[in-house]
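Right, one structure below, let's go through it.
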């Protein structure tokens, strides 16, 4: 693939058509492979093969990223990585295969290997060539098929070339005369019928004249690529995706190559995320329209020429200081003169799911803020000092080795699995468990050298759990065996996965019509306990992040309305499909999210949203995944096999009452109860969260808003308060009380998210200075709570909870790996500050693309209570439904006034009130 497409990709993507540069890129790839083969010839073949396969996986990812972002340095780095994989994989693979073959069969075996290798080189290139010939960027002529029948990625290039060829050859550059002087001097006059005047919506706009020597800026000015001379990068990417799918199927079909399937899944998900980031990156570079009152969105016209941003007649009196003079103003139309209304898409906010620059900035800020805290928790927590982590680590290491259930024992929930000794050692902190005064240095020493890689039998109480999460986080043990790098690698992989999902949730919330409060509340609702779980190997963390991501994308789509992009449908399918496999109760949280969203916007709007092809596709994927998850639960009996704990034999009614009485105890655990629930965060760090939760939920329930908003908050509140009590009461007679506060975190995040969406209109009407103070206060509290939680847990493991803070600095008995206590305290302080700054940046970025208050309040009540734009057809404010109709090809009618009075009325209605 690389050798076949390197020349076309360099020319199409980077504009480099030199044969010498193409040869240099090929030499970079093959030369790196040759050098790698020489370097590894004396090293262990099996480890070299793993390095080669990983490099062959990372290389295509980098190539795709370079193509999508048009980054030449990234392309060169990816070529080097791919070359390393090419050399190491081929050389080490041959050594392994030939070593196992009899001497008299090595020649035929080697010939077969070369035949398979050359087929692997040639077949994908032929398939890609077919894609390019059928759907690539070809030459366009009058005989070419209509644009509606062309492939999506060929339609744009053909349309630009068709426009370029439409003009007669040799025609002079059009020069537009300037508008008459009286039109530029006299405000309050509407102009039309002049070559220098162009109609744009309800206001006729003066077009700035172009000089004869000016460079054209419209689509027709773009140079047409040489016909049939270049291949589409889309074909390159499509074939890579097909190969990754094949890799996934083969990996899962062959038990011994399960890790190939894992890599395939990661690559497919990574490609989806990469495509989304690339579009967000391009959107972030797009100039933002003016937001001043009395000015429309303006921008450039379809011909690429700058047009006026004036949205209506200027106010009477003196023009405000610093305001720009309008290029023209309105006047009454002459009899029979055509007056065009502003097309819907010129006034409506973006409703097609395409992100603006705000989404990218929010995503990056959340990725940094959440990721830093999760990584700090991953290193601060001693091995095995997170809830049930030893069992989950053993499960993850066994699943990636093909042991999905393990061997049966006398205890139904406990299974015996075979894992590396270093992973089986992952419970060294048992000596300090539930003893707050015992430090983590009581643990025995970690296995040294090859002893850590030795496969041993061990038990896990998570043997019946769904294997999907463990497939995603357990693969580091295949590369590093049982070393500490593998153990911490699983933690960091889980942290990265959860961070991506949580950041994606905040990025989708930034697309809401009123995004400030939802982004602020959801970001701040990620408690220290949530970050602690993100930094450990625990499917509970995955459940929390996936619930937030699915809920954010789903609620945002419902509230915004309009078309749904396939990217959003893919995000819904992936997050919903993964959510139901996180834990046994995860399908229940999915149902609560769906019902709450339907109540938020009304069932009629919910069914309308559901009938879209993209949403139906996502629903089908999630439904199939849910069926598979339920089948696993029923076949394994994972929900019933939970063991026997305290107060087994309690009746249903008594258990329900006890669970309701423990509500605030569980709420405190949601803020922070670390380790094996033996290290509670100080109460002064819990109090701000309680106050914030109460204020936002009470505001959502009490402020005047649409009834649907209150119903949605009520559904989420029932899911948070009543469902856990009912679930625990249903099994308390047999199992006793097994519920923990961290199990409530998915429902808690949903409640905060829905309440913030409903309360957003009231928050946006708070004076700006008060909003700024609230934002700063929340950011400071968020950073302080993160710092207090990490420091409390560090003190508990270093000197014990009964010791003083000075003992932590002067006489620590345990410290995180690699660094001492003092440097790590500085790292915790820096990470907490970064988290607070990331929250501030995310909220400020969310305000970038938010519509103005006048736009959001222009329509009638109803959905406007949760931040919806005005209703369709009013001509006042932004119209989401009209934008949807325009996107579907139904333009707004163009009225033709027949008298000066009618024209004046049109100018007043569409100019004065169209913001």
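Any Cβ shown, glycine's included, is placed from N, Cα and C.
Taken from TrEMBL as is:
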COMPBIAS  162-174  compositional bias 'Low complexity'
COMPBIAS  283-298  compositional bias 'Basic residues'
COMPBIAS  304-315  compositional bias 'Low complexity'
COMPBIAS  323-335  compositional bias 'Low complexity'
COMPBIAS  874-883  compositional bias 'Low complexity'
COMPBIAS  901-915  compositional bias 'Low complexity'
REGION    162-196  region 'Disordered'
REGION    209-229  region 'Disordered'
REGION    283-353  region 'Disordered'
REGION    874-915  region 'Disordered'
TRANSMEM  25-42  transmembrane segment
TRANSMEM  49-68  transmembrane segment
TRANSMEM  234-252  transmembrane segment
TRANSMEM  258-277  transmembrane segment
TRANSMEM  357-379  transmembrane segment
TRANSMEM  485-509  transmembrane segment
TRANSMEM  516-534  transmembrane segment
TRANSMEM  588-608  transmembrane segment
TRANSMEM  715-739  transmembrane segment
TRANSMEM  745-763  transmembrane segment
TRANSMEM  775-794  transmembrane segment
TRANSMEM  824-846  transmembrane segment
Ranked first among 25-42, 588-608, 715-739, 775-794 for CB pairs under 8 angstroms with the transmembrane segment (357-379) = 775-794
Key: Other parts of the chain folded back onto the transmembrane segment (775-794), taken as Cβ under 8 Å at six or more residues beyond its ends   = 373, 376-377, 380-381, 520, 523-524, 527-529, 531-532, 671-672, 674-675, 679, 681-682, 685, 688-689, 692, 808, 816, 821, 824-825, 828-829, 831-833, 835-837, 839-840, 843
Remark   = In the same chain, residues at least 6 away from the ends of the transmembrane segment (715-739) whose Cβ sits under 8 Å of its Cβ atoms read 585, 588-589, 592, 595-596, 599, 640, 642-653, 655-656, 658-660, 663, 666, 697, 747-748, 750-751, 754-755
Inquiry  = Any contact between the transmembrane segment (824-846) and the transmembrane segment (588-608)? By contact I mean 3+ C-beta pairs closer than 8 Å, pairs at least 6 apart along the chain.
reply    = no
Remark   = Within the same chain, the residues 6 or more beyond the ends of the transmembrane segment (588-608) and with Cβ under 8 Å of it are 543, 547, 550-551, 554-555, 558-559, 561, 576, 579-580, 622, 626, 708-709, 711-712, 714-716, 719, 723, 727, 746-747, 750, 754, 757-758, 863, 866
Spatial neighbours of the transmembrane segment (485-509) far in sequence, C-beta under 8 Å, 6+ residues away = 273, 280, 355, 359-360, 362-364, 366-367, 370-371, 374-375, 377-379, 381, 383, 393, 396-397, 420, 422-423, 426, 472-477, 479, 515, 518-519, 522-523, 526, 533-538, 541-542, 544-546, 548-549, 551-553, 556, 571, 575, 753, 817, 842, 846
